[in-house]
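Here is the structure we will look at, set down as structure tokens.
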Amino acid sequence: MAEYETPYQALATFEDDETDEAPSHDRDFMIHVVPESTRWNHIENLDDFFARVYNYHQRGGFGCMVIEDILQLIQFLFVVLFSIFLIDCVDYDVLFANIKYNGTHKVTIPEAVIPLDQCVQRFSFGIIVCILVAFAFWVFRTLKVIYNVFKYTEIRSFYNNALKITAVELANLTWHEIQRRLLEVQKEQQMCIHKQELSELDIYHRILRFKNYMIAMVNKSVIPVKFKMPFVGQYAFLSTGLKYNLDIILFWGPWSPFENNWKLKEEYKHKHRREYLSQFLSQRILWIGIANFILSPVIFLWQILYSFFRYAELIKRQPNVLGTRRWSNYARIYVRHLNELDHEFTARLNRGYEAANMYLDTFTSPLLIILAKYVAFFAGSIGAVLVVLTVIDEDVLAVEHIFTVLTISGLIVTGCRVLIPDEHLIYCPEILMRTILAHIHYMPDSWKGNAHRQNVRDEFSLLFQYKVAYLLEELFSPLITPFILCFSLRHQSLQIVDFFRNFTVDVAGVGDVCSFAQMDIKKHGNPQWVPNTEDEPSKENQSEGGKTELSLMHFHMTNPEWKLTGNRSMFVQNVKTQVQKELVSPSIMQGDGGLMTSRLPGMSLGMLPSVNTTGLGLGYNSLASSITMQSAMFPGPISTLASGVQPRLRGGLSHIEGPLGGSGSGIFSSMQSSSGSISNTAPSSLSLRGNYDEGTIEMLSHDMSYSAIYLHDMQFRKAKGNNQYETLEDVRARSMWQRQDSNQPTVSTMPNIQEKSSEEESTEEVNTDKLFTSNQE
């Protein structure tokens, strides 16, 4: 009979020197030996666990996380103590020589510093209160850091023992690979006991549960983020402090609608309680707003000190930093996909940064440019003379306020340079806007064809704001946030309660999630964004701006192993089918793809690896050129496919989207498979397996760009009641206003002349005759 194997092992027999035989009952005693790996069985809070696994990978591992947390504690302590030292422990009369202290030598630093005992006696009541509040907050942060260190240790053990990933290997693995191993560990150890196997979507739901709710609420205008301000107009305000208060109120605060991280309170699921819950939530928002108002002086003081210590030296060294732009906090919610992790979202925004910057730079005021040039001339002249004088005789530096004049003149010159555009700038707002859309994937319908208008520029500036505007938002956020909570958000309490009830679903093995995050096309899709569909969900259930459709397409490409089912699979397949049909269908604009691209040097479809898009017409040719435009106009990763040199990637893979070899599941891949015109050097998930470079990874990101712009074009044509692409007359009309509305002087450029063989010329003449014949018919 075969020996029966169990995880139980016999306890070793204790043999005494005086006893030859142990008692029989001791020999039969058994204990259960728990393997190291089974400690990950049945994790209670999988939301927190998966979020920590993700952050461990993105933040560089145990050492980086611990050091960063400790340095943040030291930074907070330094800001508080150094600020108190500057306020009460420095004798500024001695430092500035306002009084005669010692005439024998220069004043030293110890002479300008007040002794510690005298400094403490000078503390006012306000300083003492600030010290107590800061100390209490620091103690709380310290305890939290100690708790996090233990959690970091647990996650490190999970990586080493369960995922079999060491600290050295961490930087060379993508999140897609980490996620794949997580799914394998689930099969072996059952981290979630409610489900035998987890999917990629389940992990995303766990990590982004509350983020998906926030994205959907902003998409459905449940949370107010846009306000009409006097003398300014419409303004989007979503500071870090306001977002923190929203998280407390809606998700993890003591009075939030959620019972725990994964379950909505049962009373919020019943309609008859909506009025009571609305009043209850409104009262809690009011009390939190009042608490913000009471603490606003202390928080405002902290914001001033922190901003000063963080940005003062940077502004002194690089004054033009305030003239740079950044994606606003509102944009980071508005253009974010459902089920999109931070590193995936950041990569999209970074790719669209240069195009967005160029687009806003095209809007200039001639009067402002003239004033900036002459003011910079006057200020620069004064600064230059003072610099020359200091070189001739250093005693000039002893003149009172000489450094002040030099600093102010330098700041004025730098500020004026920000207002003066590049003289080589090309005015092409429509192409730039489509390039931006290719990366950020969202924009209102009213922007299409109107990118040259000032109102579109103003609306886009809400997404892409000056850094100085961001700093002012964060600085005055403690004073503005209480008013938004008390007078705006509080009145949305009923809509918030209804949203949680109507758009929360219970997913097996995951818990309560936002139904929009399920990316259910039948329930939340918009018929204008779905090809060949007769289903039309109610207006209340439809997402705005193609959020459901674009999120589904992005998640499908980022996680190609995820199994599409039901209407989601049908949607993706219908889009690919329609693309393939349009790819081979005849078009009156066939072969005219160079019209839009010839206006910019180096911009043509030839930059892509032999993509045959002529069958899609001029509209799709222009969007293809828009996507590839960044490679020609902006510095950055350049594909090495043409040169034949393919250096392998070393490190930095933790921020790459999706699988390293590409998904091969988007519209771009669909075009490749149907046309068969992709050359052997084109990037694909098959030909590039095991051999990747920076250019290849960048080319693979174009797949989602094609999908986004194609869906936008399809929606625009459906909204217009026209399934045809734009005509030659439309393009000529737009090119006309681009020339007329340009604030830049007209720059004549030489046409791109290429020699062609006689056979090519004859073929072109035949195609031209056919084109005019079809137009006349």
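The backbone N, Cα and C atoms fix where each Cβ goes, glycine too.
Annotation source TrEMBL lists compositional bias 'Low complexity' at 666-679.
The feature compositional bias 'Polar residues' is assigned by TrEMBL to 737-754.
Feature annotation from TrEMBL assigns region 'Disordered' to 525-546 (among others). Residues of the same chain lying 6 or more positions beyond the ends of the region 'Disordered' (525-546) and with a Cβ under 8 Å from any Cβ of it are 216, 219-221, 442-444, 502, 516, 567, 571, 574-575, 577-578, 711-712, 714-715, 718-719.
Annotated region 'Disordered' per TrEMBL: 664-687 (among others), in sequence order.
What TrEMBL records for 736-777 (among others) is region 'Disordered'.
The transmembrane segment feature in TrEMBL is assigned to 62-87 (among others).
Within the chain, the transmembrane segment (123-140) has long-range Cβ neighbours (under 8 A, six or more residues past its boundaries) at 73, 76-77, 80, 84, 87-88, 298, 301-302. Feature annotation from TrEMBL assigns transmembrane segment to 123-140 (among others).
As annotated by TrEMBL, transmembrane segment applies to 285-309 (among others).
Through the fold, the transmembrane segment (367-392) approaches residues 402, 405-406, 408-410, 412-413, 416-417, 419-421 of its own chain, all at least 6 residues removed from its boundaries and within a Cβ separation under 8 Å. Residues or ranges marked as transmembrane segment by TrEMBL: 367-392 (among others).
Within the chain, the transmembrane segment (398-420) has long-range Cβ neighbours (under 8 A, six or more residues past its boundaries) at 316, 319-320, 322-323, 364, 368-369, 372-373, 375-376, 379-380, 382-383, 386-387, 390. The annotation transmembrane segment is assigned in TrEMBL to 398-420 (among others).
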